[in-house]
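Engineer: Straight out of TrEMBL:
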DOMAIN    1-62  domain 'MHC class II beta chain N-terminal'
Amino acid sequence: EYIDSYVFNKAEYIRFNSTVGKYVGYTEHGVKNAETWNKGSELAQELGELERYCKHNAANHYSVVL
């Protein structure tokens, strides 16, 4: 699971969660940003990071755990 959180003044206002597959806002400002980011290139960038880093390294970490 890949999570990218954005925090301001110790309060999380927006988060990308790979399980959900999109940005989710937790404050009024975060909800507005999430709507915008889910329609723009930011979502594609996060999904690219999921493919580039997480899925590539998951097999390595999984074999170590076993």
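Residue numbers in this text run from 1 along the chain shown.
Backbone N, Cα and C atoms are what each Cβ position is placed from, and that goes for glycine too.
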Engineer: For the domain 'MHC class II beta chain N-terminal' (1-62), would you mind checking the mean pLDDT of the predicted model?
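Structural biologist: Averaged over the domain 'MHC class II beta chain N-terminal' (1-62), per-residue pLDDT gives 89.
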Engineer: By DSSP, what is the split of the domain 'MHC class II beta chain N-terminal' (1-62) into helix, strand and coil residues?
Structural biologist: 34 helix, 17 strand, 11 coil
